[in-house]
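A.B. asks: Annotated D-ribose 5-phosphate binding site per Swiss-Prot: 25, 154, 215, 236, 237, in sequence order. Residues or ranges marked as active site, schiff-base intermediate with D-ribose 5-phosphate by Swiss-Prot: 82. The D-glyceraldehyde 3-phosphate binding site annotation in Swiss-Prot covers 166, and the record cites sequence analysis as its basis.
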């Protein structure tokens, strides 16, 4: 029997299995266990949550393999880990460790300011960030099996995630209405392959799952992103930078499931303790923005 391990179809199918769920950033085995108990569909293993990366500065790299293995041993749900944009050797290391997904992430300090990783060269599926349809389709062309909005990680401010999700969804709606004879010009405008433009127009959505990420800190934030068309939610600093991580983690998982029921949302949002401190994105300089990394 022919086995199709590592094909685009298989990798996209693995990402589809996470649909409707919450993926949580964790920095140790204890946090990973809290995330799993709360109902997370996967965890993202990293050295520091985005809020700490933003506050401490310096160069942010792939997490220590020892830490990643400890997290993998602690939970039964899929484990993801981040690599720097363009750093294919970090990705090779993570694949050798046996992680379930690799996130080529703008949250870490880019290793290559010109090229992203050729993700087709790997058997493990990749997730990548995007601010608009062009970015999303370029990452998919490189082999990404999953897209997430970039938002502005580590701020606790959902405004950029909202902007990016609305932008992607608006562009898809416009593409669906575009006459076929204009698709080649649209592909040139977006810097994306024509076959992906045609597929997206036919589907009326991205060819891969599209999660929301970047600044999601409350159950209401998570529910909002689901209303805007997200297939699920990444939560970075919002859980473990809050006063009651265990309770907030569970509430955000429930919010993604019951995003269309304001009565349930009201109940699960009660008495969660202080959320993570937020940052006004408008006060960040261009050099402080993480979302501008990549192309």
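Placed from the backbone N, Cα and C atoms, the Cβ positions cover glycine too.
Mind mapping these onto the model and telling me what they sit next to?
C.D. replies: In three-state terms derived from DSSP, residue 82 (active site, schiff-base intermediate with D-ribose 5-phosphate) belongs to an extended strand segment. Cβ contacts within 10 Å of residue 82 (active site, schiff-base intermediate with D-ribose 5-phosphate), excluding its own Cβ and spanning all protein chains shown: 25.
With a 10 A radius on its CB, residue 166 (D-glyceraldehyde 3-phosphate binding site) counts 13 other CB atoms from all the protein chains.
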A.B. asks: Between residue 236 (D-ribose 5-phosphate binding site) and residue 82 (active site, schiff-base intermediate with D-ribose 5-phosphate), how far is it from one CA atom to the other, in Å?
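C.D. replies: With the alpha carbons as reference points, the distance is 12 Å.
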A.B. asks: Between residue 25 (D-ribose 5-phosphate binding site) and residue 166 (D-glyceraldehyde 3-phosphate binding site), how far is it from one CA atom to the other, in Å?
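C.D. replies: Per the Cα atoms, residue 25 (D-ribose 5-phosphate binding site) and residue 166 (D-glyceraldehyde 3-phosphate binding site) stand 24 Å apart.
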A.B. asks: Counting across all protein chains shown, how many other Cβ atoms sit within 10 Å of the Cβ of residue 215 (D-ribose 5-phosphate binding site)?
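C.D. replies: Summing over all protein chains shown, residue 215 (D-ribose 5-phosphate binding site) has 30 other Cβ atoms within 10 Å.
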